[in-house]
Each structure stands twice: as structure tokens, then as C-alpha cells.
């Protein structure tokens, strides 16, 4: 991968600044996409049953409309109040109108996106495939928080991510196209088969279909040879997180964040690192 990129002294800082701006938009995506899904289900059900829609359900609600506002006082957020991190500090973490405390998660997501975008640029340099890495990073951040909040992995995000992975690998951007296609198919099939066996033995559903599509998307980006490492690392992360959450809060752990975190780590790690791990996993010690 390194031979495809040219490291520019401006690549990392520019990508980091872009990440801050994108992170601000991802906060909107993380909040609104689940709401859009639930509103869509409600509207569909009511129309099917010939029930009237409320005024709120009839209004346009998407990633662009209505304008962002304070959830308590409903006063629209001004442009200068949307400056990543800076506006949070200037407002001292409170709404300018009603002084309601603003969640620290908003600037943290902006900062996280900026840092991860910078790391992608540092890994891949100044090249067209860096764009693919930034797109993948933005999707994974959004899916991580959406799944953690709601246990949804929206088809509107996982399915395009599969196709984007295949498109960026048409000429071997990250992995050969054949490996990308096989990775998508094997990724989906492996989790589907595992869950089918689990349900057959226990009568319970182990994970949702969204997880199958997410690992298929990661397979499309990372290739089939990365799947053993992906499953191994995500299983470790998922196991630790599930134990911690069960003990601390008594909550169930969504597996999606474990997949997204491990997928991003593998994506940005040096080839020699994850290939060594992959070899260790596929060659038993004698």
C-alpha cells in the first residue's frame, strides 16, 4: 500500500482539520439516522393501517432539515455555534439560550474524527486511496455510536459501505478485487452460519442481521485474508466489553462497535503487522 502514496507535510494536518469538520456532521448523522428509521417505520405502519399522521410525523426530517437546534429550548443553533470544538469551549459547554448543558460527547466525536483522519493520512499519504480511508473511517465512527446507542446498524449505511469497498478495490486500491468480493461473501456467510448454529442449539438469536452486513462491508474493504484477524480481534474486544458492561451497568453489549474498532485498526495497521497475526492464527503451533 505504501508504494501508492506520497507523504506530504500538509496531508496529516489538512486531513485532521477536515476530520474536525466531518465530525461535526457525524454528530448529526449519529442522532438523526435512528430517528429517521423509527419515523419511517411509524409512517409506513400508519399509512398501511390508514391511520392519520401527526403534524410532527408529516414534517420533513432528514440529515439536512430541520435546522439543528437545542433539544430543550428548540432555539436554532447559529453558524458560529457549530465550529468544531471551539464553539463548545466558547459556550463553556452550555446552550447559548437556555444554558442547558451540552454533552461532552459532541466535541469528543469531532476530536476523534480529526485524530483518526490524521492517522489515515499519515498511513496512506497524499493519494486518491486516502479518500477511501477517510470515507471508511467516517462510516465506522457513525456506525459505532449508532449501534452503541440504539443497537441498530442501518442498511442505509452498511449496504453502501459494501459497494464503496468494492469500488475502491476495483483496481486493487487496498486489496485485489477478487479478495474484496470473497471477503464480502465470506464475511456475511461466516457470521450468518455461526448465528444459525447458535440459534439451532439454544433457540436464541445471537446477533442481528446488521452485524452480518457490517462484516461483509469490512470484508469488501480489507479482503478475505483479513477476516481471521478481524473475527479474532473483534471477539476479544467484544468479550471484554460485554463483561465490563454487564458487571458495571447490567446492559447487553452491541457487537457492532467491536467489529468497527477492530476493522479500523486492521485497516490502518502496517501490512506486516496484521499479516503476521493472520499467519499466527492460521498456522497452529506444533
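The backbone N, Cα and C atoms fix where each Cβ goes, glycine too.
If you look up Swiss-Prot, you'll see 10-30 (among others) marked as transmembrane segment, on the strength of sequence analysis. A Cβ distance under 8 Å defines the sequence-distant neighbours of the transmembrane segment (10-30), meaning residues of its chain 6+ beyond its ends; these are 63, 68, 82, 84-85, 106, 109-118, 120-122, 125-126, 130, 134, 137-138, 141-142, 145-146, 149.
The 10 Å shell around the Cβ of residue 98 (Zn(2+) binding site) contains 11 further Cβ atoms across the protein chains shown. Annotation source Swiss-Prot lists Zn(2+) binding site at 70, 73, 95, 98.
The transmembrane segment annotation in Swiss-Prot covers 102-122 (among others).
Feature annotation from Swiss-Prot assigns transmembrane segment to 126-146 (among others).
Feature annotation from Swiss-Prot assigns transmembrane segment to 157-177 (among others); the stated evidence is sequence analysis. Through the fold, the transmembrane segment (157-177) approaches residues 1, 4, 33, 128-129, 132, 135-136, 139, 142-143, 146, 183-184, 210, 213-214, 216-223, 225-226, 267 of its own chain, all at least 6 residues removed from its boundaries and within a Cβ separation under 8 Å.
What Swiss-Prot lists as transmembrane segment is 181-201 (among others), and the listing cites sequence analysis.
Positions annotated as transmembrane segment by Swiss-Prot, on the basis of sequence analysis: 224-244 (among others).
What Swiss-Prot records for 250-270 (among others) is transmembrane segment, and it gives sequence analysis as the kind of evidence.
In summary, the transmembrane segment (126-146) does not lie against the transmembrane segment (224-244): fewer than three C-beta pairs, each 6 or more positions apart in sequence, are under 8 Å.
Of all the Cβ atoms in the protein chains shown, 18 others lie within 10 Å of the Cβ of residue 95 (Zn(2+) binding site).
All protein chains included, residue 70 (Zn(2+) binding site) registers 18 other Cβ atoms within 10 Å of its own Cβ.
Other residues of the same chain near the Zn(2+) site, with their Cβ within 8 Å of the Cβ centroid of 70, 73, 95, 98, are 71, 72, 74, 75, 96, 97, 99, 100.
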